[in-house]
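**Q** Per TrEMBL, the feature domain 'Phosphoribosyltransferase' maps to 48-169. The feature 5-phospho-alpha-D-ribose 1-diphosphate binding site is assigned by TrEMBL to 99, 100, 103, 105, 128, 129, 130, 131, 132, 133, 134, 135, 136. Per TrEMBL, orotate binding site is recorded for 132, 160.
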């Protein structure tokens, strides 16, 4: 399934209008920046969620993936909509998310959403909303690997172009993004 250029253009427009901003901000990596992406307004907007999910499924087409997952909170809306759309397209792709820390009550799981069989022996893709250094998604990568999964890829909505490619290459993990920050900065 090829990526639809009209869907990509519309996703770009929605991100630019709802999630891209300029101004001094401190990033989760600890770095300061003069621009930012807050993807939640796009991921929680029906048309934005749908467009991103279509693009992600197109990128994953032909790959034998068992699960999609990611780190709470940024990846959770994305995991949900991609999983739902995969079901609608009759190619179900279940999701999971990794907590930043284990809850001190309930089942005390680090990974939520997987059945009793867990991720052992499963091929997974880790989704990320915005990638800077790549270290945030590595928390989810490490947890999935510790649970026995093979991490086939990290797929981000936007790569800020600040080192993630090298981080994943150094760990032999494929990395891809739907957009780069420069596309928004140059438009």
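Backbone N, Cα and C define each Cβ position, glycine as well.
Remember, TrEMBL labels are computer predictions, not curated facts.
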**Q** Tell me, which binding-site residues from 99, 103, 128, 136 are within 10 Å of residue 160 (orotate binding site) if we use the C-alpha atoms?
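**A** Near residue 160 (orotate binding site) by Cα: none of them.
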**Q** Hey, what's the Cβ neighbour count for residue 134 (5-phospho-alpha-D-ribose 1-diphosphate binding site) at 10 Å?
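**A** Residue 134 (5-phospho-alpha-D-ribose 1-diphosphate binding site): 26 neighbouring Cβ atoms within 10 Å.
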**Q** Are there any residues in the same chain, six or more apart in sequence, whose C-beta is under 8 angstroms from the C-beta of residue 132 (5-phospho-alpha-D-ribose 1-diphosphate binding site), and if so which?
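**A** Same-chain residues close to residue 132 (5-phospho-alpha-D-ribose 1-diphosphate binding site) (Cβ under 8 Å, separated by 6 or more) are 27, 28, 29, 31, 160, 162, 163, 164.
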**Q** I'm checking region-level scores; what's the whole-number mean pLDDT for the domain 'Phosphoribosyltransferase' (48-169)?
**A** 92
**Q** Just counting, how many other CB atoms are there within 10 A of the CB of residue 136 (5-phospho-alpha-D-ribose 1-diphosphate binding site)?
**A** 23
**Q** Would you count the other C-beta atoms found within 10 angstroms of the C-beta of residue 103 (5-phospho-alpha-D-ribose 1-diphosphate binding site) for me?
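**A** Around the Cβ of residue 103 (5-phospho-alpha-D-ribose 1-diphosphate binding site), 11 other Cβ atoms lie within 10 Å.
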**Q** Give me the long-range Cβ neighbours of residue 128 (5-phospho-alpha-D-ribose 1-diphosphate binding site): same chain, 6+ apart, Cβ under 8 Å, in sequence order.
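**A** Those within reach of residue 128 (5-phospho-alpha-D-ribose 1-diphosphate binding site), by Cβ under 8 Å and sequence separation of 6 or more, are 70, 71, 74, 75, 136, 137, 154, 155, 156, 157.
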